[in-house]
Structure formats: structure tokens, C-alpha cells
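Inspection log for the structure reproduced underneath, given as C-alpha cells.
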Amino acid sequence: MFKDLFHKKKYATIPSGQPRTKPEIPEGLMSKCPKCGSIQFSKEIEKNLKVCPSCGHHFRLSAWERIAITLDEGRITEFDADLSSEDPLGFPGYASKVEAQKKSSGLTDAVVTGEGTIGGMPVVAAFMSFDFFAGSMGSVVGEKITRAIEQAHAKRLPMIIFSTSSGARMQESILSLMQMAKTSAALGKFQGDGGLYISVITDPTTGGVSASFAMLGDFNLAEPGALVGFAGRVVIEQTIRQKLPDNFQTAEFNLQHGQLDKVVHRKEMKPLLIKLLDMHSAKGETINGG
Amino acid sequence: MADELPFEKPLNELQKKIEELKKFGQESGIDFSDEISRLEERCKTLQDELYNELTPAQKMHTARHHGRPTSLDFIGTIFTDFIELHGDRLFADDLAIVGGLAKLNGVPVTVIGHQRGKDTKDNIARFFGSPHPEGFRKALRLMQQANKFGRPIVTFIDTKGAYPGNTAEERGQSEAIARNLREMATFGVPIICVVIGEGGSGGALALGVGNRVLMLENAIYSAISPNGAASILWKDAGRADEAASVMKITAGDLLGFGIIEEIVAEPQGGAHRDLAAQAETIKEAVWRHLVELSGMSPEELITDRYNKFRKVGAYRSPEPAAPAVPVIEAESAQV
């Protein structure tokens, strides 16, 4: 019973002088994939167009990162860079939040628009950025996208929009809602007059943006795994009182239900855009060989 | 009183007192007429004070009153010869949206509206007035038909929003709404929209791209319901009344923003107090706008509608645009 009490330890304890040091890893050197959990060199992920080398998860890109990998030499002639939000409702805390978002993202609002070339072919393009106010659409986003569509129309150029958004910006309530009608009406005019519009949907695109210009492409493309839907998952689960499957509202789910033309890997996106643009350009061969 | 809204309590109590006094006077033979007329006077002032200065939250409650007239109520009283038409020709007939042909002062028009249920059973069949994609597609089909035959379109907006369910997502809720917004902008016939109750988000706007948008005095219209906003802002859907006041959802607010053209007055206390009177004022307003629009060519109507929505937005542009547009290069090293 007391045997243990008198038992002689077979090892000696050494007081630790210093706390155990963690291996030195500089901040930002490694990144963890949110999907598969694998830890990779950030450089490796970036070299891979921010796609996880082990599971293929597409990390979110900011507008400028997207421009860099989409437009030739990453060059854009930016439109309306100086447009910025007002506080039309006098919404508590909105003005200061916009300022904070400008600082943290380095953007003036949730979209960058302009003209550039893809595979040498000129296009007007809009690049939304989720890092500004969750990509929400207020007056500035609506106005910049509408102006870009009007530019594409006037110059007879194709229009490409890379969408990512949480939806309408609540702090501009009814004015945000009307941006859905404004952008869609501009597309109606442009597309009705023979304009080519390619919509590229990226993670995540929901609410007022998915229910307006994002779904109106002559071609609707999306990145793998991107969340695309109208209502939020939680709201739907509360409505139907059921758990939804994991793949609900993914790009693949939408493809399966006939809402998208294609789910396209980030690496394949630019080559596909070039192909599509080429097939709509005047330089192709004609049936009569003329 | 089952129909009572919370803020109407003091008024109803006063009215009850007057009734009691009248009854007591009759039974006991004592003359209370002085007292009664004084009370009735006070009741009238209280009524005026209360209903003329409704807060946004009180308007929201009035717009949601269970007895508030629905699209079918107005279709039945404003128009004649209504022929309801069904189905989107693709999947189903969504009862959350009703529509068809009818005559307004003898003129054939296409009329479409969100339809809430009258009781629980009806509400379940109509998904509480929240449409699925097939509802929006039915509306689009009817509008295309109107456009083909050159008929004006009148829509009634009354929904909490598009139905948030898995089946709606599977069938392309986003696409259905988006397509309506785009197509409505291209029709060469007059479109007049009337927000009669609650205008909730994209589901409301999908019937709302008109040359003229009118709103009943106590109707509300917003990008997200005050309840939804409150749960996002303060994680508490119960603070909807508070959200209602910061979100600028009333007809007066929207007239100020230039989003609607006219506020249609309601009978004192709300549309549910007098359907016939309310229908008459709506009819007068819709007809007046229709007469105005009927002078326009299809192209003019499209341009008029485009310009109406084109100008909406509040933004700052610090300087007049500089002549030279700078070329900016994204740092390709980043990716």
C-alpha cells in the first residue's frame, strides 16, 4: 500500500531555466488552408494563383490581386476611382465605418472598374473586392458598375464583371436596393444592343448582387467551391427547419441545377476568357470564307 | 379588440368609455350628452394626433396589419372583368404572385401582385406572399404578354421578400429576380407599380421597375426587413421598431430620395379601415399616371424608365473628372 511512497524515482528532474522556445517562423511565411487544414508556404500558395496546392481550395482574391492575374500585365485604365460613399440615410456609425474600411482595404469602395486587355483584346471590366465592407453594393458600387457598362456600350467593347458580395449594403437601404434595378437596366440596354457580357462569380456572391448583374451574363462562369445564392444558409435552415447539405449553394450545386454555364479553375479562367472573347471578335473566319 | 395595433390602445380605451357612458345614460335615463360630446371631441383630437404623426415603426405595424387589403382585394375593387392567369410554363403556378387581365375604366391592362393569404391555410398555400422563382417567372411571362399586345402593366407590391428556401435556391431565385429587373427595363408599355403593404428587398423590386412607383401612406419599402436589419446590427430581431426608424423605409422618406413619384393617402387609421375608399384613391392615382404615360411612344417609355432608375444613388465625386485617366498597374508580384 505504501510501497509507492518509498519507491525511488528512476529519473531526475531538471528545473527548466528557460521556457521552451517555439521554432521561429516569421509572420506570414506559412498559411493554413481553411478547407483541408494543410499548412503551406504562403509563397507556394501565391505562386499557385492563391489556390491550395493540396486540395484545390480557391482563396479569396482582392480586386487588385484579381486584376494582376486577369488583365494583360496587370494593367488597368481605371474609371471613376474617386467616387466614394455618402451617408444618405444618416445611418448610425456608417460614415466612420466606411472610413475604416477604406484604410484597412486601401480601396475607395467595393469595386474597381476600368479598361484593359485580355489576350490583347480590349475589354471593360469590373472587379469586386470582398475586403471592402464584405463587397456590399451601395450607391458607389452600383454607379461604378453602371458607368462601366455604359462605357463598354459606347466603345462597343465586351464587359466582364468579377463578382463577390454579401449583397445590398444595409446602411444605404432603399438606395442600395435600387442599384440592382439600375445595373440590370444598364445590362438590358447593353445586351439588347448586341453587347457581350461575361459574368465571373467568385466566392462568395449572394443577395442583391447575385440577384442582379451576377446572374445576367451571356455566360455565367464561377470559380470552384464559390458560394453562390440568394438567401443566407442560416435563414433558409430556419425557414425549412432542416439542416442543409454541405455543398448547398456552392458553384457545383448551381452548375448541377442549371444556373451556371461552367465552373472554371482559376488557372483556366484567363485562357477561357481569351477563347470566349476571340469567338465574339470580328476577326474570326466566316462561313463564306470571306 | 383583436384588430388593435399596440399604439392604438389609448384611443380604443377612450372609445370604449364613450360607448359605456352612452349605454349607462340610456339605461339610467341620466343625460350625459355634454360629457359625451366633450369626450368625443377629445377622441377626435387624439385620433388626429395619433394618425397624422405615425412613427416609422407604427407605420410598419399598420402595413403588417392582418386585415390590410391584399392585391386581390384591390384588383377586385379597382378593376373590372379580372381574368386570373396561372403558371410560368416551366415548373409550377406560384400562388404567392397573382396576375391576369382586367379592365381599368374600360381599358384592358395586365395586373400583377404579390398575394398574402387571408388566413393560415391560405397563407401556407401562398407562402405568406413570398414568391419562389416560378412566381417571378409567371409575372415575367404575363408582362411579356402585355408588352406584345401593347397593354399597360399595373403591379401591386406587398411581400416580406422572396421565399428563402432550398427549393427556391435550386430553381434559381437569384436568376429569376435578376431577369425580371433587366426585362422590366426594356418593355415599351407603361408600367405603374403601387407599394400597398410591405416592400421587402429583391422580391419586391422584381415587380417594381416601373415608370411610376406609388406608395400607400403607411406602406414601407427597404433593402432588408427591419427585423432582419436589427438581427444583423444588434443581434436582436426584437429591436425591429428601432431599426425601422433608422432605415428610412416610409413613403415620405422614399419620396424625398426621388424613388417614388407619389404618396397615396390612406383612410384615417390605415387601409384596412375602409377598403372601398382606399381602392378609389388608388384608382384615381393610377389612372392619372396612366393617362400621362399614354402619350409616350414605346421608346420614350423605355428611356423614361431607364432615367428614373439611372439617377438613383448618393455618392461623392471630389473633383470634376481629370482629363487624363491614370493607368494603374496591379502589383503582379503579389500573386
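Cβ atoms are placed via backbone N, Cα and C, with glycine included.
Annotated domain 'CoA carboxyltransferase N-terminal' per TrEMBL: A:29-290, in sequence order.
The zinc finger annotation in TrEMBL covers A:33-55. Looking just at the zinc finger (A:33-55), the mean pLDDT is 91.
Positions annotated as Zn(2+) binding site by TrEMBL: A:Cys33, A:Cys36, A:Cys52, A:Cys55. A:Cys36 (Zn(2+) binding site) falls outside any helix or strand according to DSSP and counts as coil.
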Q) Looking at the binding-site residues A:Cys52, A:Cys55, which one has the fewest other Cβ atoms within 10 Å of its own Cβ? A) A:Cys55
Q.
I'd like to know which of the binding-site residues A:Cys33, A:Cys36 has the most other Cβ atoms within 10 Å of its Cβ.
A. A:Cys33
**Q.** Shell list (Zn(2+); ref centroid = CB of A:Cys33, A:Cys36, A:Cys52, A:Cys55; cutoff 8 A)
**A.** A:Pro34, A:Lys35, A:Gly37, A:Ser38, A:Gln40, A:Pro53, A:Ser54, A:Gly56, A:His57
